[in-house]
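*Asks:* Annotation comment: TrEMBL describes 6-121 as domain 'Response regulatory'. The annotation 4-aspartylphosphate is assigned in TrEMBL to ASP54. Per TrEMBL, domain 'GGDEF' is recorded for 164-301.
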Amino acid sequence: MNPTQTILVVDDAEINLHLLQGLLQPDYRVLTADNGADALQLALEQQPDLVLLDVILPGMDGYAVLQRLQADPRTKHIPVIFVTALSSAEDEARGLEFGAVDYITKPLNPIIVKARVATHLKLERQRRMLEALANIDGLTELPNRRQLDKVFVTEWDHAVRSGSDLSVAVIDVDCFKQYNDLCGHARGDWVLRQVARTISASLLRSTDFAARYGGEEFVVLLPATPADGAWLLMDTLRRNIERLAIPHPGSDVSDFVTLSVGVAGSRPLPQQQSALLLQKADQRLYHAKRSGRNCVVGDGLHSSFNSSAVFSPDLPLDFPGL
Ligand SMILES: Nc1nc2c(ncn2[C@@H]2O[C@H](COP(=O)(O)OP(=O)(O)OP(=O)(O)O)[C@@H](O)[C@H]2O)c(=O)[nH]1
């Protein structure tokens with residue numbers, strides 16, 4: 001039994017449901033529906049890995065079910081195999097044109113059904129792995145910019161709907177070019193991994209999200225967090241990095257690796273553009289660099305290696321992930 005894989009079987013004949021259930025249940029979790037409406041609801045709620053869909057169904061037929069699955073972004077990725085008594089070449093071609101990944105004709109041959117199901121589940125697993133890899137930065141294993149763009153849109157829309165705050169921070173390693181030049185690129189890569197781990201370990205809520213934006217730059221999204229809270233959290237991160245005490249022989253600002261951070265927060269309104277918030281945080285990062293680096297610049301708030309205590313309490317170091 002592989003409980004991680006779920007198949008939804010849709011057929012209006014109980015005998016067919018029983019047959020397919022008996023065939024597949026030893027290896028997979030099997031859900032059943034005898035009509036299109038129930039099938040759509042189960043697909044949405046249970047997110048099966050594969051749907052075996054009869055074409056001739058009372059009310060909404062299999063083609064209509066497939067079209068509805070494909071039209072919904074929450075279900076359009078689920079592969080569908082038509083399982084039907086319509087056995088002409090035209091029927092099969094039509095089913096595949098509609099977007100089914102395969103077409104199995106009745107009467108069912110159990111060996112063929114099992115083999116095709118196994119093949120499509122394997123392809124689905126590989127597709128998901130590729131999708132996950134496409135969203136991850138290989139060096140730091142943080143989400144990459146592609147994933148950040150998607151999550152930013154989702155969080156922005158959520159903040160608009162719920163009227164809650166959203167803060168963004170842009171984080172940059174100071175004088176990193178000199179670090180690479182003096183310590184070597186491999187050591188530079190190691191530093192980026194330490195910074196990524198410390199960013200992850202410093203974020204406290206499950207909704208906080210960190211990504212590698214590119215090069216030595218990272219972005220953090222902090223949902224339901226006002227700008228002053230975001231500034232405090234980023235200043236704690238800045239100090240956590242400083243206390244790693246990674247020697248930086250070429251830094252203009254410290255003996256150790258340090259960060260500069262720009263923070264911007266807002267309670268987004270429908271007519272506003274999410275990109276402007278990121279732009280504002282980026283401008284403040286620029287300001288932080290011009291102010292001498294190793295500091296966090298937010299909305300009227302500014303910290304640096306020699307003035308942070310004025311603005312933020314000395315929060316305890318906390319590295320649960322390290
Ligand atoms: N080791 C390593 N270095 C990288 C990577 N991506 C970007 N870099 C380097 O990061 C450096 C960034 O340099 P700059 O943008 O000039 O900035 P900086 O030297 O950090 O100076 P400030 O930002 O002004 O403090 C460049 O030398 C890039 O080659 C990476 O994946 N690994």
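Cβ coordinates come from backbone N, Cα and C, glycine included.
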*Asks:* Where DSSP helix means H, G or I and strand means E or B, what are the helix, strand and coil counts for the domain 'GGDEF' (164-301)?
*Replies:* 61 helix, 34 strand, 43 coil
*Asks:* Provide the three-state DSSP residue tally for the domain 'Response regulatory' (6-121): helix first, then strand, then coil.
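*Replies:* Its residues divide into 53 helix, 23 strand, 40 coil.
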*Asks:* Restricting to the domain 'Response regulatory' (6-121), report the mean pLDDT as a whole number.
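*Replies:* In the predicted model, the domain 'Response regulatory' (6-121) has a mean pLDDT of 94.
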*Asks:* Would you count the other C-beta atoms found within 10 angstroms of the C-beta of the residue listed as '4-aspartylphosphate' for me?
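*Replies:* The residue listed as '4-aspartylphosphate' is surrounded by 27 other Cβ atoms within 10 Å.
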